[in-house]
Amino acid sequence: MATLIHSLSDHSGDVNCCAFSSSCLATCSSDKTVRVYSLRTFSELPYSPLRGHSYAVHCCCFSPSGRVLASCSTDGTAALWDTRDGRRLAVLGQPRASPLRVCRFSPRGSRLLAGAADGTLRLWDTRSLRPGRSGNVKDGSLVACAFSPNGNFFVTGSSSGDLTIWDDKMRCLYNEKAHDLGVTCCDISSHPVSDSENGFKCFQMASCGQDNQIKLWLILFADSLGAELKYKCTLNGHSAPVLACSFSYDGQMLVSGLVDKSVIIYKTSTGNILHTLSQHTRYVTTCAFAPHSHLLATGSMDKTVHIWQLDLKPSSAGSAVETESKVPAEDWTEDDVSAWLCAHDLADFVGLFKLNNIDGKELLNLTKESLANELKIESLGLRNKVLQKIEELRMTMISVSSPVPDEFLCPITRELMKDPVIAADGYSYEREAMEQWISNKRRSSPMTNLPLHSLMLIPNRMLKMAISRWLEMQQK
């Protein structure tokens, strides 16, 4: 089951692309802006929208750590933005100022690939901000690209219909005519698959095009033989050009967006259609799954972005979110802890935690002192961030063992309130969530949508005491 849980309608032009980090959703539009939203509340971050491009923004993507956001535009530039405060870190100009159509970070975030309307592509060093190697496709505009999970190669798609495999030195390894009327998008699954016929390590790729088709491929990669693109199958169900496709994090699902305004979600192992979504009123131009979660975002020329919650069966397990709900945190392995760190924008600590053999039980027992003295995390801000996420995990464990009374949940975040306040509509909210709601220039009630006659927030001490008593009872 796929449930529409939120719609964003802040853009004044076509939505061209959407992208997730572990904590944020970014969208970009023909209105020249990039907007960034919190996944916790779906509210726009204070520094958003990001302005700086002089023409339509075609593509946006997060670095693997989520700390940098890249965007590219018809103005011939790619911009790098700091996701903590919205500062523009750099402007990267394409040779000959050709309009940029697509950009992607490498898996380690050290390079940014940018592709242009004149068929040129360039790899940028994101640390030195210097241009690296460049290349160009034979015909047409470069409109799609995707890195392999190991970063050793990437694939580009062109408006002439070609799919091309390149190595990290910008050498063309393989080229194939894939879609007669032009490629529109491609994506590579992060999970390798095996090809029993050849015995090579394979990556599964999807491509879609103006020919109303979405195709699945195997990329065979061997040092001695180079690379090869092996056709696997064509997924049925499309009656119009397919403009976007994207794998879920675990590779078990594939989503596509169509000119006929629909969104189709497939199970990749069987090719069966799981869901068909029809809430957009114009072409669906972009779609993306969130990492380690069952959220899906779809964007359209109707100027909206829809956010969907997918209710999957346990057999679709594999994300960190499911690990948290199905396996008690105290029973987590070191790998489970690593997945949890990645899902909460703490991927930089994976190596440190593994080095110190931190499993679920150790994680729950971490303190400010152990983070500073034993794990040697010097930054107070980072220590506090880790502790905050551990505390949220403890709260989640409590809520799983005993459902939280609905009146203790903030109506905005649907999380247990720590500092409840009463708003002018008479309802209680988490202070931080309501303050963010108001700071985004909303003057209506989150519950009734009626105007708020006052923006004053009054502490709800009685409710805070009731929540504290309930927590104490859960811990006995």
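Glycine residues also receive a Cβ, built from the backbone N, Cα and C atoms like all the rest.
Automatic, uncurated: that is what TrEMBL annotation is.
Here's what TrEMBL has on this protein:
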DOMAIN    332-396  domain 'SAM'
DOMAIN    403-476  domain 'U-box'
REPEAT    8-47  repeat 'WD'
REPEAT    50-91  repeat 'WD'
REPEAT    105-134  repeat 'WD'
REPEAT    146-167  repeat 'WD'
REPEAT    235-276  repeat 'WD'
REPEAT    277-311  repeat 'WD'
Subject >> Residue numbers, six or more beyond the limits of the repeat 'WD' (277-311), whose CB comes under 8 Å of its CB atoms >> reply: 1-9, 11-22, 25, 27, 29, 39, 42, 243-249, 253, 255-259, 261-265, 319-321, 339, 342-343
Original post:
With DSSP helix as H/G/I and strand as E/B, how many residues of the domain 'SAM' (332-396) fall in helix, strand and coil?
Top reply: 47 helix, 0 strand, 18 coil
**OP:** Determine which recorded stretch among 8-47, 50-91, 105-134, 235-276 has the most C-beta pairs below 8 angstroms with the repeat 'WD' (146-167).
**Re:** 105-134
**OP:** For the repeat 'WD' (50-91), find every same-chain residue at least 6 residues outside the stretch whose CB is under 8 Å from a CB in it, and list them.
**Re:** 13-14, 16-24, 26-36, 97-105, 107-109, 112, 114, 116, 124, 126, 129, 345, 347-348
Subject >> For the domain 'SAM' (332-396), the mean pLDDT of the predicted model >> reply: 84
